[in-house]
Each structure stands twice: as structure tokens, then as C-alpha cells.
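Trainee: Residues annotated as region 'Disordered' in TrEMBL: 1-20. Annotated compositional bias 'Low complexity' per TrEMBL: 1-17, in sequence order. Annotation comment: TrEMBL describes 27-272 as domain 'Nodulin-like'. Annotated transmembrane segment per TrEMBL: 28-45, 94-113, 119-145, 157-176, 188-209, 229-248, 254-281, in sequence order.
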Amino acid sequence: MERSTTTTTEQQQQQQQGRRRGTGWRRWAVLVATVWIQAVTGTNFDFSAYSSALKASLGVSQEALNYLATASDLGKALGWSSGLALIHLPLPAVLLLSAASGLAAYALQYALILDYLHLPYPLVFLICLVAGCSICWFNTVCFVLCIRSFSSSNRPLALSLSISFNGLSAAFYTLFANALSPFSPSVYLLLNAIVPLVVSLVALPAILLCHPHDGHLHVVPKHDKRIFLGLYLLAFITGIYLVIFGSFNTTNSTAWVVLTGAMVLLALPLIILPPPVVLMWTHMT
């Protein structure tokens, strides 16, 4: 009887250790996914890059254009709707809905600037509102992922790291635009529509691996602080890189080199994941 009890206890301990090991790499994969999502979803930061073209297409005054910029910020006031969505829908579905709404909002503005369609000003205001709301939905998804994946002691570090990359969105989009079509303001709207969707699909496998209670399944390993320190240092280097090279006037070929460097920096957090996990992520994508 005692031997049976001992065997059962050992099996439970082994299962618990296995769950902790699984949670260990799973939470870092989720953090990398949130960093990527945040890095490309600050789409309201590049409004000034295409605002003049939007103003000319609509034939409105500067004051009316300012209201469109306000509409994008006002859309964030509707961010509470993402919480309601999470009550009734799984997290991956909310992520894809965020990407879909952003795609629709920015694609319509892109078509408007290129004169593919003509829309009344109130409808354009509503479109800008939806675009701003989609940003909040992305933020909510990333916050929930970090909360579910990390314990209370590490959660602030994960959240702050994820948020820090959101401010780099404008610089990333500037590099993309310089490489693709530096003299076309409409390319920013095209990027705003497509890039968040593509990154969401790439990040989806890691998000599907997120367990609702991962933050409570593990103790905090001692090396976690060192990993976070390395990731914070990488975020700082990425920011400096974008500030220095993003402000230069470059040729098309040079712009592609600078963009490639930025993409490499954004991919570097993958080094904290075991190679089999990276391979599995790639195959799932």
C-alpha cells in the first residue's frame, strides 16, 4: 500500500515537472509573439505620413483632417469592446478579428487615396474610428497573453517589454515604406492594412499554445531575470538602431539593407527558445 502511494506521488511530481518545463518554453514563445504584434500595431503613429494625401483626396480643410486624426484616438475609447469579445470568443479569434478590422479600415483609406472609390466624410470618420479601435484590441490580446503566461512576479516585466515595442511601429513602417516606395504616401496605408495581419498569422501558433493558467503552473526560475535583462537590452539596441538609421535619406538598395537589419533585431528574441520549438513554430506557420 505504501509502495503504491509512493509510486503515485512520484508520478504526480513527474507530471508537474513536465508541465513546468512545457510552460517554461511556452511562455517565452508567447512573449516573442506579443513583442512582434506590438511592434507593428501602433499604426496610428504614422498618420502624418499620409495625412496630406488623405486631405487632398477628400478635399477637406485642415480642421476636418484634424478631426480624422482625433477619430483614430477616439476609437481607443471603444477598447472596452475587446473585453466583451474575450468573454464570448477565444483569444486567437479576437486577435484575428483585430487584424481583420484593421485590414478593412486601412484598405478602404488606401483605396480612397488612390481614387478607387469615393466615400463621404462621415463614413471616413467612422473608418478611422474602427482603425483606432483595432489597435486597442491588439493591445488587449497582448496584455491577456502576458497575464496568462507569467507569474505575478514577472508579469510587469513581460508587460512593459511588450508595450515598449509598440512605440517603434512608426519607425518600422518608415523603413518598410523607404524600401518599397519612398515617394508614395499611400504605401503607409497599404502596410498598415497588411503587416499586422501577416504578423498575427505568424504569431498565431505561439498564441494557440498559450494555456489560460500558465502563470500559476510554475515557480519562477532564477535565470528569468537574466533573460528579461537580455530582452530589455535588445529592445534598447533596436530602438537606437531605428533612431539612427531610420532618420537617414537612403537609396532603395540601402533601405532594404537597413530594413533587413531591423527585421533581424526583431527576430533575435527567438534565441531564447529551444531549436525544436522554433522549428515547430515555423512548420505550424
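We count from 1, first residue shown onward.
From the backbone N, Cα and C atoms, a Cβ is placed for every residue, glycine too.
Note: TrEMBL annotation is automatic and uncurated.
Relative to the rest of the structure, where do these features sit?
Mentor: Among residues of the same chain six or more beyond the transmembrane segment (28-45), those with a C-beta under 8 A of the stretch's C-beta atoms are 72-73, 95, 98, 102, 106, 131-132, 134-135, 138-139, 141-142, 145-146, 148-150, 158, 161-163, 165-170, 172-173, 192, 195-196, 199-200, 202-203, 206-207, 209-210, 214, 227, 231, 266, 269-270, 272-273, 277, 281.
Away from its own ends, the transmembrane segment (119-145) comes close to residues 30, 33-34, 37-38, 41-44, 58, 60, 64, 67-69, 71-76, 78-79, 81-83, 85-86, 91, 94-95, 97-99, 101-102, 104-106, 108-109, 112, 159, 162-163, 166, 192, 196, 207, 210 of its chain (Cβ-Cβ under 8 Å, at least six residues beyond either end).
Tertiary proximity for the transmembrane segment (188-209) is limited to same-chain residues at least six positions away from its ends with a CB under 8 Å from its CB atoms, namely 26, 29-30, 32-34, 36-37, 39-41, 43, 46, 49-50, 91-92, 95-96, 98-100, 102-103, 105-107, 109-110, 113, 131, 134, 138, 141, 145, 173, 176-177, 180, 280-281, 284-285.
Tertiary proximity for the transmembrane segment (229-248) is limited to same-chain residues at least six positions away from its ends with a CB under 8 Å from its CB atoms, namely 31, 161, 164-165, 168, 171-172, 174-175, 258, 261-262, 265-266, 268-269, 272.
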